[in-house]
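Here is the structure we will look at.
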């Protein structure tokens, strides 16, 4: 009984804290201890996620409110009187002036996201995370940073979305929409029977090729040598990708940001571990 009460009190404290910090205008950065969750989530489970049936039906306005385009309200025309017909009519999402161009898949607690925001002020950057509490942490972090940097209007171009990219990536992005994809310290899934859960595979690489424009780049980093070799092997074997030469890789300023700004990267640094980096460029489609 005592243990149940302690767990209930802790849960209530977490809920009260998150409710307080999510109020409008709060500039206090969230604390991770109130958003703790298991490190891994099964991508094959039904997580009751909400996703658009088509990228054109995705409403980005709540993630990037500063980019919403004010459109004159269209004149209403008499529609069908039956409620069922009205319910089936597709909703038209609010339009934004830019498209998301950069995706951080499995963004974790958002270290890379908030680093990329000021570095790419004219580009919309999106973090994709499957865990509920972690996604809420990043939402609250972005909200607080926007309040703190209200005058400079920083972090308006950064957003986070709870999503399972292994299932629904093409539901959010059109063909050739993205210029960069980051895959930072993904779950290694060491056991052979779990390799099918790895975020890099022959099938998933085809989806990355679909949403990336020719010349776009996939950035990968891990501290697990076996996983690094796996990712290199699968991307090099894919006809839509080529590996970026090391000299060009090290000249890319975003590579250093990827090495140093993610939470996992900082942990590896503290433990004096090694980080393995590989970049892959999306090739032009062959002429048919």
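Cβ coordinates come from backbone N, Cα and C, glycine included.
All TrEMBL annotations are machine predictions without curation.
For 106, 129, 130, 164, 165, 184, 262, 263, 264, the entry in TrEMBL reads S-adenosyl-L-methionine binding site. Per TrEMBL, the feature active site maps to 187.
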Per-residue Cβ crowding (10 Å cut-off), top of recorded positions 187, 264: 264
Rounded distance in angstrom between the Cα atoms of residue 264 (S-adenosyl-L-methionine binding site) and the residue listed as 'active site': 11
Inter-residue C-alpha distance, residue 165 (S-adenosyl-L-methionine binding site) and residue 187 (active site) (nearest angstrom): 14
Residue 106 (S-adenosyl-L-methionine binding site) to the residue listed as 'active site' - Cα separation in whole Å: 9
Rounded inter-Cα distance in Å - the residue listed as 'active site', residue 262 (S-adenosyl-L-methionine binding site): 14
Other CB atoms, at most 10 A from the CB of residue 130 (S-adenosyl-L-methionine binding site): 21
Maximal Cα-Cα distance (Å) across residues annotated as binding S-adenosyl-L-methionine, namely 106, 129, 130, 164, 165, 184, 262, 263, 264: 20
Local Cβ density at residue 165 (S-adenosyl-L-methionine binding site) - other Cβ atoms counted within 10 Å: 25
Cβ neighbours of residue 262 (S-adenosyl-L-methionine binding site) where a neighbour is any other Cβ within 10 Å: 25
